[in-house]
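Asker: I am attaching a structure below and will ask some questions about it afterwards.
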Amino acid sequence: MPRGKYVNHKGRNRNFTNPEELEAQRKKDEEEKKWRKTREQGSDDDDDDDEDNEDGEDDDSDESDSGDENAKGAQSVIQIQNPNRVAKKSHRKVDEVDEDEEPQLTRREKEELDKQRAAAAYQKRHAEGKTAQAKADLARLAIIKQHRAEAAARREAEKKDKEAKTKSGAS
(Lines of atoms letter the chains of each structure in order from A and count residues from 1; the text may use other names and numbers.)
(Lines give C-alpha, C1' and ligand atoms only; values in the text may rest on other atoms or scores of the structure.)
Protein backbone atom coordinates (compact mmCIF):
# COMPACT_ATOMS: atom_id res chain seq x y z
CA MET A 1 0.00 0.00 0.00
CA PRO A 2 1.56 3.31 -1.03
CA ARG A 3 2.12 6.00 1.50
CA GLY A 4 1.06 9.57 1.09
CA LYS A 5 -1.85 11.40 -0.40
CA TYR A 6 -1.31 10.70 -4.09
CA VAL A 7 -1.23 7.25 -5.65
CA ASN A 8 1.20 6.47 -8.46
CA HIS A 9 -0.46 4.55 -11.30
CA LYS A 10 2.75 3.65 -13.14
CA GLY A 11 3.43 -0.04 -13.37
CA ARG A 12 -0.11 -1.10 -12.54
CA ASN A 13 -2.32 -3.28 -14.65
CA ARG A 14 -4.70 -1.44 -16.93
CA ASN A 15 -8.42 -1.96 -16.55
CA PHE A 16 -10.54 -1.87 -19.67
CA THR A 17 -14.31 -1.77 -19.72
CA ASN A 18 -15.85 -5.00 -20.93
CA PRO A 19 -17.51 -4.62 -24.38
CA GLU A 20 -20.59 -6.48 -23.14
CA GLU A 21 -20.97 -3.97 -20.31
CA LEU A 22 -20.66 -1.07 -22.76
CA GLU A 23 -23.35 -2.58 -24.98
CA ALA A 24 -25.66 -3.21 -22.00
CA GLN A 25 -25.22 0.40 -20.81
CA ARG A 26 -25.97 1.74 -24.30
CA LYS A 27 -29.16 -0.37 -24.55
CA LYS A 28 -30.25 0.77 -21.09
CA ASP A 29 -29.77 4.43 -22.06
CA GLU A 30 -31.77 3.93 -25.27
CA GLU A 31 -34.63 2.32 -23.33
CA GLU A 32 -34.68 5.24 -20.87
CA LYS A 33 -34.83 7.72 -23.75
CA LYS A 34 -37.72 5.82 -25.33
CA TRP A 35 -39.55 5.64 -22.01
CA ARG A 36 -39.08 9.39 -21.43
CA LYS A 37 -40.24 10.14 -24.95
CA THR A 38 -43.42 8.07 -24.55
CA ARG A 39 -44.01 9.60 -21.17
CA GLU A 40 -43.67 13.12 -22.57
CA GLN A 41 -46.04 12.27 -25.43
CA GLY A 42 -48.62 10.99 -22.97
CA SER A 43 -48.50 14.04 -20.72
CA ASP A 44 -47.86 16.76 -23.33
CA ASP A 45 -50.13 16.06 -26.29
CA ASP A 46 -50.37 19.73 -27.27
CA ASP A 47 -46.61 20.49 -26.94
CA ASP A 48 -44.85 18.74 -29.82
CA ASP A 49 -41.68 20.85 -29.76
CA ASP A 50 -40.53 19.26 -26.46
CA GLU A 51 -40.35 15.82 -28.09
CA ASP A 52 -37.50 16.89 -30.37
CA ASN A 53 -35.22 17.50 -27.37
CA GLU A 54 -33.90 14.12 -26.24
CA ASP A 55 -30.92 15.39 -24.28
CA GLY A 56 -33.04 17.37 -21.78
CA GLU A 57 -32.19 20.88 -22.99
CA ASP A 58 -35.12 23.27 -23.08
CA ASP A 59 -35.62 25.46 -26.12
CA ASP A 60 -37.49 28.39 -24.57
CA SER A 61 -36.28 31.12 -26.93
CA ASP A 62 -39.57 31.39 -28.85
CA GLU A 63 -41.68 31.04 -25.68
CA SER A 64 -39.83 33.73 -23.74
CA ASP A 65 -40.21 36.26 -26.59
CA SER A 66 -43.98 35.84 -26.73
CA GLY A 67 -44.53 35.50 -22.96
CA ASP A 68 -43.93 37.75 -19.98
CA GLU A 69 -40.32 38.88 -19.61
CA ASN A 70 -40.24 38.51 -15.81
CA ALA A 71 -41.88 35.07 -15.71
CA LYS A 72 -39.56 32.19 -14.93
CA GLY A 73 -40.01 28.59 -16.01
CA ALA A 74 -43.62 27.57 -16.52
CA GLN A 75 -45.09 30.76 -15.08
CA SER A 76 -45.44 32.25 -18.53
CA VAL A 77 -47.48 29.21 -19.67
CA ILE A 78 -49.48 28.43 -16.53
CA GLN A 79 -51.77 30.97 -14.93
CA ILE A 80 -51.27 30.75 -11.16
CA GLN A 81 -54.17 31.42 -8.82
CA ASN A 82 -52.62 31.04 -5.42
CA PRO A 83 -54.87 32.38 -2.64
CA ASN A 84 -51.84 32.81 -0.36
CA ARG A 85 -49.99 34.96 -2.87
CA VAL A 86 -50.67 38.62 -2.27
CA ALA A 87 -50.11 40.99 -5.15
CA LYS A 88 -49.05 44.26 -3.55
CA LYS A 89 -49.82 47.56 -5.16
CA SER A 90 -46.66 49.52 -5.73
CA HIS A 91 -48.41 52.91 -5.44
CA ARG A 92 -50.99 53.93 -2.87
CA LYS A 93 -52.87 57.17 -2.68
CA VAL A 94 -52.50 59.39 0.35
CA ASP A 95 -56.22 58.97 1.09
CA GLU A 96 -55.84 55.19 1.32
CA VAL A 97 -53.00 55.26 3.84
CA ASP A 98 -54.15 54.87 7.45
CA GLU A 99 -52.12 57.02 9.80
CA ASP A 100 -53.25 55.16 12.91
CA GLU A 101 -52.31 51.79 11.39
CA GLU A 102 -49.70 50.00 13.51
CA PRO A 103 -46.70 48.50 11.76
CA GLN A 104 -47.02 44.75 11.39
CA LEU A 105 -44.70 42.77 13.65
CA THR A 106 -42.55 40.00 12.29
CA ARG A 107 -42.70 36.48 13.67
CA ARG A 108 -39.46 36.98 15.62
CA GLU A 109 -40.69 40.23 17.13
CA LYS A 110 -43.97 38.57 18.15
CA GLU A 111 -42.06 35.68 19.72
CA GLU A 112 -39.81 38.14 21.57
CA LEU A 113 -42.84 40.01 22.96
CA ASP A 114 -44.50 36.76 24.01
CA LYS A 115 -41.28 35.70 25.71
CA GLN A 116 -41.06 38.98 27.61
CA ARG A 117 -44.73 38.77 28.66
CA ALA A 118 -44.27 35.20 29.86
CA ALA A 119 -41.16 36.15 31.85
CA ALA A 120 -42.98 39.09 33.47
CA ALA A 121 -45.96 36.89 34.35
CA TYR A 122 -43.63 34.27 35.85
CA GLN A 123 -41.81 36.90 37.93
CA LYS A 124 -45.14 38.21 39.21
CA ARG A 125 -46.34 34.73 40.18
CA HIS A 126 -42.94 34.01 41.73
CA ALA A 127 -43.17 37.17 43.85
CA GLU A 128 -46.64 36.12 45.00
CA GLY A 129 -45.26 32.68 45.92
CA LYS A 130 -47.45 30.70 43.53
CA THR A 131 -44.75 28.94 41.53
CA ALA A 132 -43.13 25.65 42.52
CA GLN A 133 -39.72 27.29 42.74
CA ALA A 134 -41.06 30.03 45.01
CA LYS A 135 -42.72 27.45 47.27
CA ALA A 136 -39.44 25.53 47.54
CA ASP A 137 -37.56 28.75 48.32
CA LEU A 138 -40.07 29.73 51.01
CA ALA A 139 -39.88 26.26 52.58
CA ARG A 140 -36.08 26.46 52.61
CA LEU A 141 -36.23 29.94 54.19
CA ALA A 142 -38.64 28.69 56.86
CA ILE A 143 -36.23 25.87 57.77
CA ILE A 144 -33.29 28.30 57.93
CA LYS A 145 -35.26 30.69 60.18
CA GLN A 146 -36.17 27.82 62.47
CA HIS A 147 -32.51 26.71 62.73
CA ARG A 148 -31.39 30.28 63.45
CA ALA A 149 -34.06 30.70 66.13
CA GLU A 150 -32.98 27.44 67.77
CA ALA A 151 -29.32 28.50 67.63
CA ALA A 152 -30.17 31.92 69.16
CA ALA A 153 -32.14 30.23 71.95
CA ARG A 154 -29.23 27.88 72.64
CA ARG A 155 -26.77 30.77 72.82
CA GLU A 156 -29.07 32.63 75.25
CA ALA A 157 -29.33 29.50 77.43
CA GLU A 158 -25.55 29.02 77.42
CA LYS A 159 -25.04 32.70 78.26
CA LYS A 160 -27.44 32.45 81.20
CA ASP A 161 -25.71 29.27 82.39
CA LYS A 162 -22.32 31.00 82.32
CA GLU A 163 -23.70 33.98 84.22
CA ALA A 164 -25.29 31.67 86.75
CA LYS A 165 -22.03 29.73 87.24
CA THR A 166 -19.97 32.90 87.59
CA LYS A 167 -22.40 34.26 90.20
CA SER A 168 -22.53 30.99 92.10
CA GLY A 169 -18.73 30.55 91.90
CA ALA A 170 -18.07 34.12 93.06
CA SER A 171 -20.32 33.91 96.08
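Glycine too: its Cβ is placed from the backbone N, Cα and C atoms.
What TrEMBL says about a protein is an automatic prediction, not a curated fact.
Pasting the relevant annotations from TrEMBL:
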- 1-13: compositional bias 'Basic residues' (COMPBIAS)
- 23-42: compositional bias 'Basic and acidic residues' (COMPBIAS)
- 43-68: compositional bias 'Acidic residues' (COMPBIAS)
- 104-117: compositional bias 'Basic and acidic residues' (COMPBIAS)
- 82-160: domain 'Casein kinase substrate phosphoprotein PP28' (DOMAIN)
- 1-134: region 'Disordered' (REGION)
- 147-171: region 'Disordered' (REGION)
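Mind running through what each feature is packed against?
Answerer: In the compositional bias 'Basic and acidic residues' (23-42), the DSSP tally of helix, strand and coil residues is 20 helix, 0 strand, 0 coil.
Residues of the same chain that lie 6+ residues outside the region 'Disordered' (147-171) never bring a C-beta to less than 8 angstroms of a C-beta in it.
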